[in-house]
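K.L.:
I'd like to ask you about the structure that follows.
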Amino acid sequence: MVFWEGYISDESMGTFAPLVVYWLYAGFYQLLPPLDNYRLHTKTEEDEKNKVPLGTVIKGVLIQQFFQAVVAELLFLVTSNVSSSRNTAQPSLPIQVIQFIIAMLVMDTWQYFVHRYMHQNKFLYRHIHSQHHKLVVPYAIGALYNHPLEGLLLDTFGGAISFLVSGMTARTAVFFFCFAVIKTVDDHCGLWLPGNIFHLFFQNNTAYHDIHHQLQGLKFNYSQPFFPIWDKLLGTYVPYTLVKRAEGGFEARLKKE
């Protein structure tokens, strides 16, 4: 039983909960004090290097989320049974865990190859993917700042394929999509906070993805949002080292082995 049962369908929650979670989690980071001792880039670097203002970023994210909601509604409409979703039998917890892991691996696979191709194809990079890299210094609200076509291909279709291949129910998908959103936002937050569970359990984390946003790291660390598996298998993996800055905070540097 879940708290929304009897009020809203699993399908509707799967569509709108990730959108709400995005703004809650990204908004939390946005409202934090400067925390200069934990930043991967100084505030001055953020202001000087980023090529788009916050208002443009917010507008871009909202556009992507609109298309994301439309595709999610269509996906659940096609895959849901005629009967109400609350009558759908939920698999056991171990099965749901397996489905979760499968969905994570599928999403990573889809996003790695689409993401890497958008870097290798000069036309796609110049006209589509470069929009995301206008945020040279990533921050939480900009996690989904993409060209609408990239948002559709990379994130929305990636989520849909993960859902279909894993065989999870709409209810399980609510938790998976929200988890994926939180992880993506955290990877772009630009902060190396002590005790962050994503930094403890995931090698693919804020510093790892920050390397990719740097000019010297554009051809490395394509993997997102969970594991660095494909980077390691296909030679695009570069580990990072965190260097303490004299003025406070950290700097993520490439550590070529």
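Glycine is no exception: its Cβ is also placed from the backbone N, Cα and C atoms.
Copied straight from TrEMBL:
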{"type": "TRANSMEM", "residues": "12-32", "note": "transmembrane segment"}
{"type": "TRANSMEM", "residues": "52-77", "note": "transmembrane segment"}
{"type": "TRANSMEM", "residues": "97-114", "note": "transmembrane segment"}
{"type": "DOMAIN", "residues": "100-236", "note": "domain 'Fatty acid hydroxylase'"}
{"type": "TRANSMEM", "residues": "135-154", "note": "transmembrane segment"}
{"type": "TRANSMEM", "residues": "160-182", "note": "transmembrane segment"}
K.L.:
Ranking 52-77, 97-114, 160-182 by the number of C-beta pairs under 8 Å to the transmembrane segment (12-32), which range is first?
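P.N.:
The stretch I would name here is 160-182.
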K.L.:
Take the transmembrane segment (135-154) and find every residue of the same chain, 6 or more past its ends, with a Cβ under 8 Å from one of its Cβ atoms.
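P.N.:
Residues packing against the transmembrane segment (135-154) from afar: 22, 25-30, 41, 45-46, 49-52, 54, 57-58, 60-61, 63-65, 67-68, 71, 110-111, 114-115, 118, 127-129, 184-190, 209-210, 213-215.
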K.L.:
In the domain 'Fatty acid hydroxylase' (100-236), how many residues does DSSP assign to helix, to strand and to coil?
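P.N.:
For the domain 'Fatty acid hydroxylase' (100-236), the helix, strand and coil counts are 96 helix, 1 strand, 40 coil.
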K.L.:
Who are the chain neighbours of the transmembrane segment (52-77) in space, where the CB to CB distance is under 8 Å and they lie at least 6 residues beyond its ends?
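P.N.:
Counting only partners 6 or more residues beyond its ends, the transmembrane segment (52-77) has Cβ contacts under 8 Å with 11, 14-16, 18-19, 22, 131, 134-135, 141-146, 148, 151-152, 155-157, 159-160, 163-164, 170.
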K.L.:
Take the domain 'Fatty acid hydroxylase' (100-236) and average the pLDDT across it for me.
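P.N.:
Average per-residue pLDDT within the domain 'Fatty acid hydroxylase' (100-236): 97.
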